[in-house]
Amino acid sequence: MGKPAASSSIDIYLRLRPVARPSNFVEVDPDDQKIAFNIPRELAAGYVNNQRENYEFHFNGIIGMEAKQDEVFERVARPACLGSLEGINSTIFAYGQTGSGKTFTITGGPERYVDRGIIPRSISMIFTELSSRTDSQFSVHISYLEIYNDTGYDLLDPNRDVKMLEDLPKVSMLEDEDGNIHMRNLSMHRAQTEEDALNLLFLGDTNRTISETPMNMASSRSHCIFTLNIEAREGGKDIVKRSKLNLVDLAGSERVSKTNVDGTTLAEAKYINLSLHYLEQVIIALQEKSMGKSGRHIPYRNSMMTTVLRDSLGGNCKTTMIATVTTRNDQIDESISTCRFAQRVAMVSNKVMVNEELDPTLVIRRLKAEIKDLKEEIRILNGGEEERGPLTPDELARMRDTIVAYCQDPHPEAALSIGGTMMFIKAAFQIFKELANKGGGGVGSGGDKSGGGSGGGDDSDTIRKLKLQVQHRDNEIGILVSMLKKLHGGGKEGGAPLALPTSLGNAPALAAAARSGASRA
């Protein structure tokens, strides 16, 4: 369950690495948030020269060479951190060539406290916010994934003594029937304090793969994804919000023709460039899809890195990109390539929504509390009596006798009292059901004056009542005979002797004769 998705484009920022001699061919306009490259035409190429000379790129923001780390965090990362606390998935990733300042931007420098990068500052801000939001309960779990030569490794594995990268457990990807990606062997660690989270970051950075290259003395040779999984439960509600904050440091691209690397470094460069090429393919496909070209396949599965970042690129995520460039003359081509990639990324549209759903654990806990309260109310309504067991056989027998007597009572205002608890009411309904299934069970047998049958009740009791009725009718007949004899003896005309029936079965004829004699009189 989630709130309706809103379309959101990816925000792109450009950060310029400080250099001693910046190129004269680069013009930066912080007010218009744009950068221009004006490259003079090479005269050695001859008169027929189609070289492009001018490039201009616009960004959501440009971070100059003099900018400090705290400014970078406030402009780029703070909105993403606040969104993650509200249940919105967020991703920040840095892209650029080797040595342009990606790792310094994301992780920070190792020497000075003020050089902390986006990851430690995000950790500090999130836990500061959690301590001030006392109306909700939060839990934070951290994972740290390294993708080296297109193979995933868990940088936070606590069960092994890590001496080499191969000592870390390899992470594999699994996809469920709903298309969700799950990471096998990627551990999740609970961080209850800021110190716990920073210790996990330090452990992961210690295990990360770096090496020396011609472009960087300590170059990151792998893609790393530091993820904070946040759960928020607001007090008194059954809804839980779940979000992820991905902080991604991509390995830098490099031109082997310039660096002239070989051996292991060359193999690493091949894997890095290939994965970044697959990332660019995904971006191009998403760009064409946003332009209305339907049926375009999105090649997320080409590499592990693009598969892991599938939600961040075109999915349910608020994504921000930091493009890092160097304004040296010998790096102009790589800087232009990075800006081109950033412009394509800016055209990708994500579907952002708040990730909230009902928590079954909270629902069950609330229902149990309501049941407990209702039982207490019932106990109070019953006069404070404690709960008791089922009815005893003696109680059931007395209740049956009471119900049978109630059914046989012909008085219209007859009342039935069986007790006020639901247990007594259910037992009474069961007795009524048994009596009905037995054809009345003797109920109402004394009121049947037309059929003369017992209806399956007590025959002797029915015979006794019928005999009593016959006796009453005989007495009535005797009284009528005496009255008619007196009338006949009065010497009325046409007073022939009247033949009177004397049996009970001819009582209607006797009554008719009595009415006839009375009319003649």
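Backbone N, Cα and C atoms are what each Cβ position is placed from, and that goes for glycine too.
According to TrEMBL, the protein carries these features:
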DOMAIN    9-348  domain 'Kinesin motor'
BINDING   G96, Q97, T98, G99, S100, G101, K102, T103  ATP binding site
COMPBIAS  442-457  compositional bias 'Gly residues'
REGION    442-461  region 'Disordered'
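Feature annotations (TrEMBL) mapped to structure.
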{"residue": "G96", "record": "ATP binding site", "Cβ neighbours (10 Å)": "27"}
{"residue": "Q97", "record": "ATP binding site", "Cβ neighbours (10 Å)": "22"}
{"residue": "T98", "record": "ATP binding site", "Cβ neighbours (10 Å)": "22"}
{"residue": "G99", "record": "ATP binding site", "Cβ neighbours (10 Å)": "22"}
{"residue": "S100", "record": "ATP binding site", "Cβ neighbours (10 Å)": "26"}
{"residue": "G101", "record": "ATP binding site", "Cβ neighbours (10 Å)": "20"}
{"residue": "K102", "record": "ATP binding site", "Cβ neighbours (10 Å)": "26"}
{"residue": "T103", "record": "ATP binding site", "Cβ neighbours (10 Å)": "25"}
How does the model score the domain 'Kinesin motor' (9-348) in terms of mean pLDDT? 86
